[in-house]
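Trainee: One structure, pasted below without further comment.
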């Protein structure tokens, strides 16, 4: 069982967007065969807040699309709270335009990206990236949001 707690203070998300986030999350938790009750927080923010967080925690002074803070410790979950994801709504919009695909696909991609980081996946090395992005594309496909080439 999983629960996503969505914090959207600026009311960027529609009900349809929230449903999509829950659908993507559910598919990941099914695909990863997670059994325990797991909760994660998703904070929908603007580019200004994204830039502040990116500068504070990554020492990079520009907005980023998604930042995850995992509470996993060496593959062990000490609490039901898996972690926190901060997602820039403005980046979802601009990157959907930039990559010439739908807002929904970009939202699904970035939510899945954040969740997989919470689960301990990374993309620093080529072999890690292949695994992580492969999982993301599989979830997008299962959710009807296209494949790797879309």
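First residue shown is number 1, and so on along the chain.
Yeah, the Cβs are placed from backbone N, Cα and C, and that goes for glycine too.
Annotation comment: Swiss-Prot describes 113, 117, 123 as Zn(2+) binding site.
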Trainee: Including all protein chains shown, what's the count of other C-beta atoms within 10 A of the C-beta of residue 117 (Zn(2+) binding site)?
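Mentor: For residue 117 (Zn(2+) binding site), the 10 Å Cβ neighbour count is 20.
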Trainee: For the recorded Zn(2+) site formed by 113, 117, 123, name the remaining residues of the chain with Cβ within 8 Å of the site's Cβ center, in chain order.
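Mentor: Everything else in range on the chain: 66, 68, 114, 116, 121, 122, 132, 136.
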Trainee: Based on Cβ atoms within 10 Å, give me the single least packed residue among the binding-site residues 113, 123.
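Mentor: 123, out of the binding-site residues 113, 123, has the fewest neighbouring Cβ atoms within 10 Å.
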Trainee: Secondary structure at residue 113 (Zn(2+) binding site) (DSSP, helix/strand/coil)?
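Mentor: Going by the DSSP assignment, residue 113 (Zn(2+) binding site) falls within a helical segment, counted as helix.
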